[in-house]
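Taken from Swiss-Prot as is:
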- HIS37: active site, proton donor (ACT_SITE)
- 30-37, 149-152, VAL178, 186-189: ATP binding site (BINDING)
- GLN61: beta-alanine binding site (BINDING)
- GLN61, GLN155: (R)-pantoate binding site (BINDING)
Amino acid sequence: MQTFAEISALREQIKTFKREGRRIAFVPTMGNLHEGHLTLVRKAREHADIVVVSIFVNPMQFDRADDLNNYPRTLEDDLSKLNGEAVELVFTPTPEMIYPEGLDKQTLVEVPSLSTMLEGASRPGHFRGVATVVTKLFNIVQPDVACFGEKDFQQLAIIRKMTTDLAMDIEIIGVPTVREMDGLAMSSRNGLLTIDERQRAPVLARTMRWISSAIRGGRDDFASIIEDASDQLRAAGLHPDEIFIRDARTLQAVNTESTQAVILMSAFLGKARLIDNQVVELVKDSKEEVDSIESESENSH
């Protein structure tokens, strides 16, 4: 495994691999790697000869300075895990390398509509920061394929649209969410939880399953479902951030043409903002009567 901090050195090595006809897969991360990230690496291995992983905590996508400062950084442990997966190349740039003139003078990439709805509405600039850094990393690595987790459902949709709109010749592969034994979606932010908070955290996934069951049972009173779900989270000590029920394909309101809904949830627990999602098949009778209701839960953080 080779580790590069300099863009030019990484590019030279990738050019060598490409001259040899090697297929390149890319997994961008912000470090603090867990089994979910390693699952992405293994999926990347299935689609390419060479796997490149980046570790970069992107300041442009954080909307709160304390969140950026608190984000876990575990480079030595991350490199050990990647070495265990036989990753060929690891890219570990500094913010100064990615944004040499600072964030204020950086050319920006923004995917309209998708970036400003749902989570993007409450986190202005977040998805612009994601799209910008992913575009830059794609230009540096020049991968044939890139793997992203489905846990960040809206982010994956944005990256798919971005690569299509900008005619990037990169195959985007979504990888299902990896969960702990108790159902909690694996996340680097889980490390911010205290022992007590960690015991309560699976309530997010359980509440999501309750919503899914209600929808599969034919309920289409989404506003009431969201209100009840918010109450369940509060009862367990979580602070609901956002709960949406949307068309899984368009992320717009569910309508009579929708065949699948996606439940998008986030909640605060201590210092951590937890997110999760689940796709649900819509009951035909329910679809025909749905009033395209969707609502954001009361933000009580």
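Each residue, glycine too, has its Cβ placed from N, Cα and C.
Relative to VAL178 (ATP binding site), the recorded positions with Cα atoms inside 10 Å are HIS37, the candidates having been HIS37, GLN61, GLN155. Cα-Cα distance from GLY36 (ATP binding site) to GLN61 (beta-alanine binding site): 20 Å (rounded to the nearest whole number).
Taking the Cα atom of each, GLN61 (beta-alanine binding site) and MET30 (ATP binding site) are about 11 angstrom apart. Of all the binding-site residues listed (MET30, LEU33, VAL178), LEU33 sits in the most crowded Cβ setting, with the most other Cβ atoms within 10 Å. Take the Cα of GLN155 ((R)-pantoate binding site) and measure to each of the binding-site residues MET30, LEU33, SER188: the nearest one is MET30. Listed in sequence order, LEU156, GLY174, VAL175, PRO176, THR177, ASN277 are the same-chain residues at least 6 apart in sequence whose CB falls under 8 Å from the CB of GLU150 (ATP binding site).
For SER188 (ATP binding site), the same-chain residues 6+ apart in sequence whose C-beta sits under 8 angstroms from its C-beta are MET30, GLY31, ASN32, LEU33, HIS34, TYR71, PRO72.
Taken residue by residue with DSSP, HIS37 (active site, proton donor) is part of a helix. If you take the C-beta of HIS37 (active site, proton donor) and look for same-chain residues 6 or more apart in sequence within under 8 angstroms, you find VAL27, THR29, LYS81.
GLY36 (ATP binding site) counts 20 other C-beta atoms within 10 Å of its own C-beta, drawing on all protein chains shown.
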